[in-house]
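This report refers to the structure that appears directly beneath it.
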Amino acid sequence: MSTSSKLSTNIKDLSLFDLEEFPARSYIGGKWVTAASGKTFDVENPGLNETLAPVTDMSVEETRKAIKVAHEAFLSYRNSDIKERYAILRRWYDLIMENADDLATMMTLENGKALGDAKGEVVYAAKFIDWFAGEALRISGDSSMSSNPQNRIITIKQPVGVVGIITPWNFPAAMITRKVGAALAAGCTVVIRPAAETPFTALALAKLAERAGVPAGVLNMVTANSPSEHGIELTTNPLIRKVSFTGSTNVGKILAKQSSSTLKKLSLELGGNAPFIVFEDADLEKAADALMACKFRGSGQTCVCANRIYVHSSVYDAFVDLVTERVSKFKLGYGLDAGVTHGPLISEKAISKVKQHVEDAVQKGGVVVTGGKVASNLGPMYFEPTVIINAKQGMLISEEETFGPVGALFKFDTEDEVVAWANDSPVGLAGYLFSKDISRVFRVGEALQVGMVGCNTGLVSDVLSPFGGVKESGFGREGSKYGISEYLDIKSLTISTL
């Protein structure tokens, strides 16, 4: 069966992904274009370990062209009617929801996540467009008196300019809408470089933006298989005034250094190593349920996944039983198959890291109570959901983000001890704590050195909540009423009486 035939059995509208014919194209200046070189790269289906379809592989020069086009479009779009921005974003939201099934199916094909997870992400992604449509109408400044009685001060907010957006593969829809929704609402134009692993979901969002009436040049998308070269262009081109990146801390540091040459405004949402603390007075059933969503969602491939699970020694054994019981009920398999709860990891590199963390834990005294190996009967990218007990500080899993379906449970005895362990990390994105003591919830919640804390919940991501970290997890906030501010400059006008 040909590639297009395989796709058409799962996807209703191949045109949504620019797959009526191959390769899929990039979107620059309101036109769908292929690389002048004719180069393409293949996108893989990790669930079947086979090629999904080819995509055009654009050059750095073509990214440079997209930046110029975006700059030209910005000169008019920055002055666009905010009510028109609202209307366009609302149409985009409606189109995303109308095409949710195809978007989720493609996400499963190229990312591997179970279809239920993919459908949840599409809805989550659409909500950011809906939210920022409203935020376009709420951009406001203020006025004030001056220390000089003859002067008045007026403060206004203006779009920063062209924004370079670099997105990851683990949330191929939501990471685009969370950034682009805010940028377009603010009056900025964008050049997007989606992850090479998951370009089709991104291209579909560009198609729907075009259908919604986003003006030519306002949203541009460049697909490429050489991220570092295109990243250099986005971070050093003087026409780009802001870069927004979600990805690893190491890459974020490189982009920040490159951006310093032109002092660009930056939003960096980087890696985490989230502590998940279960105190002796916690509702253990609720905490175990929360851990399933927090640790194993997307097969553990999210930046806010619990990575270090600290359980008070008095409830440790009981909590291990609850967690093991739940994990053993997961169904690992191909994301489009009925009943599957967890899919494959994205690549062999991801598999290797998870194996390394499990092997290191076992060598240092950890015990695997369920899972712990590649499910080779399903394919090379499938790793069994795993629970490790007797975990200790000093294991790799306590020091590095695993980014896989491995839950390691550590014992602790005192609040001071566990807070110190939780904060003993160079990163600080998310943290979680479970306790019925409201004083402890506030005390520990404020003590954790992270940007987001889930208190008696395993879910911290919400359209209305500011998303972002501290320390080496980056800076800037996305979503919420604060998200649009990342794309606005504040200008003061001091006016004297004549």
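A Cβ is built for glycine as well, from the same backbone N, Cα and C atoms used for every other residue.
What Swiss-Prot lists as NAD(+) binding site is Gly247, Ser248, Thr249, Asn250, Val251, Gly252. Sequence-distant contacts (6 or more apart, same chain, Cβ under 8 Å) of Gly252 (NAD(+) binding site) comprise Phe245, Leu268, Leu270, Gly474. In three-state terms derived from DSSP, Gly252 (NAD(+) binding site) belongs to a helical segment.
The active site annotation in Swiss-Prot covers Glu269 (among others), and the record cites sequence analysis as its basis. Applying an 8 A CB threshold to same-chain residues 6+ apart, the list for Glu269 (active site) reads Phe245, Thr246, Gly247, Cys303, Leu429, Phe467, Gly468, Gly469, Ser473, Gly474, Gly476, Glu478.
Residues annotated as active site in Swiss-Prot: Cys303 (among others). Of all the Cβ atoms in the protein chains shown, 28 others lie within 10 Å of the Cβ of Cys303 (active site). Annotation note: Cys303 (active site) sits in a coil segment as assigned by DSSP.
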Counting across all protein chains shown, how many other Cβ atoms sit within 10 Å of the Cβ of Gly247 (NAD(+) binding site)?
23
For the NAD(+) site (Gly247, Ser248, Thr249, Asn250, Val251, Gly252), what does the 8 A shell look like? I mean other same-chain residues with CB within 8 A of the CB centroid.
Phe245, Lys253, Ile254, Leu255, Leu270, Gly271
